[in-house]
Amino acid sequence: MAADGVDERSPLLSASHSGNVTPTAPPYLQESSPRAELPPPYTAIASPGTSGIPVINCRVCQSLINLDGKLHQHVVKCTVCNEATPIKTPPTGKKYVRCPCNCLLICKDTSRRIGCPRPNCRRIINLGPIMLISEEQPAQPALPVQPEGTRVVCGHCGNTFLWMELRFNTLAKCPHCKKISSVGSALPRRRCCAYVTIGMICIFIGVGLTVGTQDFSRRFHATYVSWAIAYLLGLICLIRACYWGAIRVSYPEHGFA
């Protein structure tokens, strides 16, 4: 049952009730446009063998779904294909969207992108002007929308995610593995070289102070503080250089204007 507190990226039917049925569309295929789900009418229809029992057609396989005792729910599950079909309008400010893998999602009216949570789908769906589908009309795809970001392949887990920065050489956090990587290799290379240079300069300064102020330091012990500061700055810069030299790099798949 859809509610305001439900995560917009999660399917409306939990995995515990969905059985072992997998989506009909394989992952990472050419993305089809999503379609808006308008709840069909659920007036009582006399189905064969029953009288006056409310039923509805599944929006995926067109099988009849018995609504007896379920009219208080927002969505119902088909017993044939185990996919969700809405029977009520979504909560205020929300809308239904069906992924090409047939997973029914709920998101905000103003959302422009939504991710399918199914492990073997993980599509990033770009939402554009939605065509409302009536029960009498066949499902029609919505108009495709030009993405404004870049598809990036994570350097840690290899999954693809949408990066909204229009420039490369930035740090990105993968929504799948939650790890940080650099989009492009120019940024870590520049920073690694810069930190190595600064670190070596600080160490050379520390060595020069150590050699040049040995006699002076025997009388003024505060000179040791300047040695320590120079060596410490050099060590910190070299550690940062190691970090930037070892950071994983994520590469863009496609660029969009």
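For all residues, glycine too, the Cβ spot is worked out from N, Cα and C.
From the options 86-92, 107-113, the stretch Swiss-Prot describes as motif 'CX5R motif' is 107-113. Of Thr22, Thr85, the one with phosphothreonine in Swiss-Prot is Thr22, while the others lack that note in the record, though it may still apply to them. Residues 223, 226-227, 230-231, 233-238, 240-241, 244-245 of the same chain lie 6 or more positions beyond the ends of the transmembrane segment (192-212) yet place their CB under 8 Å from a CB of it. Within the model, the motif 'CX5R motif' (107-113) carries an average pLDDT of 83.
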